[in-house]
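**Q** One structure coming up, written as structure tokens, with questions to follow.
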Amino acid sequence: MLDNLNKYQIILASNSPRRKELMSGLGVDYVVRTLPDVDESYPDTLVGAEIPEYIAREKADAYRTMMKPGELLITADTIVWLDGKVLGKPEGREGAIEMLRALSGKSHQVFTGVCLTTTEWQKSFTASSEVLFDVLSEDEILYYVDRYQPMDKAGAYGVQEWIGYIGVKSISGSFYNIMGLPIQKLYGELKKL
Ligand SMILES: Cc1cn([C@H]2C[C@H](O)[C@@H](COP(=O)(O)OP(=O)(O)OP(=O)(O)O)O2)c(=O)[nH]c1=O
């Protein structure tokens with residue numbers, strides 16, 4: 001499938017193991033490259049889905065100077081959006097605990113922005129999913145934070161982990177978008193190239 005992509009060398013510039021796993025499942029040839037350090041700040045006029053799309057473009061721009069003709073670069077960024085505010089990656093154990101307390105018993109949105117870049121053009125899009133968490137007990141929150149790695153995850157949780165098994169009541173939208181890459185939407189965009 002996606003024979004139209006034979007003209008490109010696809011590069012996933014990401015340090016995220018989840019994004020690598022999801023790209024591998026797509027069945028296209030690609031290579032992974034380390035993303036240089038990117039300033040993930042954004043203008044405070046941006047809200048919701050606009051934020052990760054902006055940061056995904058920033059990630060692409062950080063890599064762009066290294067690109068050669070014929071390469072197709074994929075970058076992405078995921079945020080959790082709760083009550084009109086961004087939850088990014090937590091800072092420290094206490095930060096993770098606070099985030100999970102805030103998510104407990106509530107519904108939030110997860111936005112992933114994806115940017116496709118060549119030396120000639122750039123396009124970006126966002127996917128959104130709504131996640132409803134059951135009420136999490138303090139014991140459950142501590143169990144998760146102390147046994148898993150919430151620090152490298154937006155909103156301090158991995159939907160694909162124990163906390164997702166026991167805590168997520170429902171999802172509207174793509175599960176894989178929550179994990180960090182809206183793979184079905186990405187497939188549709190790649191098909192059009
Ligand atoms: C909400 C959620 C996020 N995540 C992950 C996906 C992303 O890897 C991470 C959000 O951080 P990002 O800044 O989007 O990405 P990253 O720093 O991990 O990787 P990159 O090198 O591509 O910039 O949180 C999960 O694995 N499961 C979840 O349920």
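Heads up, residue numbers simply count up from 1 along the chain you see.
In case you wondered, yes, glycine gets a Cβ from its N, Cα and C as well.
So TrEMBL lists these for the protein:
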SITE      ARG18  site 'Important for substrate specificity'
ACT_SITE  ASP77  active site, proton acceptor
SITE      THR78  site 'Important for substrate specificity'
SITE      GLN160  site 'Important for substrate specificity'
**Q** What residues, ordered by sequence, lie under 8 A Cβ-to-Cβ from the residue listed as 'active site, proton acceptor' and sit at least six positions away in the same chain?
**A** GLU40, ILE51, PRO52, GLU53, ILE55, ALA56, LYS59, THR112, GLY113
**Q** Taking the Cβ of ARG18 (site 'Important for substrate specificity') as reference, which residues of that chain separated by at least 6 in sequence fall under 8 Å from it?
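**A** Sequence-distant Cβ neighbours: GLY158, GLN160, MET179, GLY180, LEU181.
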**Q** Select one residue from THR78, GLN160: among these recorded sites, choose the one with the most other Cβ atoms within 10 Å of its Cβ.
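**A** Comparing the recorded sites THR78, GLN160, the most crowded Cβ belongs to THR78.
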**Q** In terms of DSSP three-state secondary structure, what is the assignment for ASP77 (active site, proton acceptor)?
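**A** ASP77 (active site, proton acceptor) sits in a strand per DSSP.
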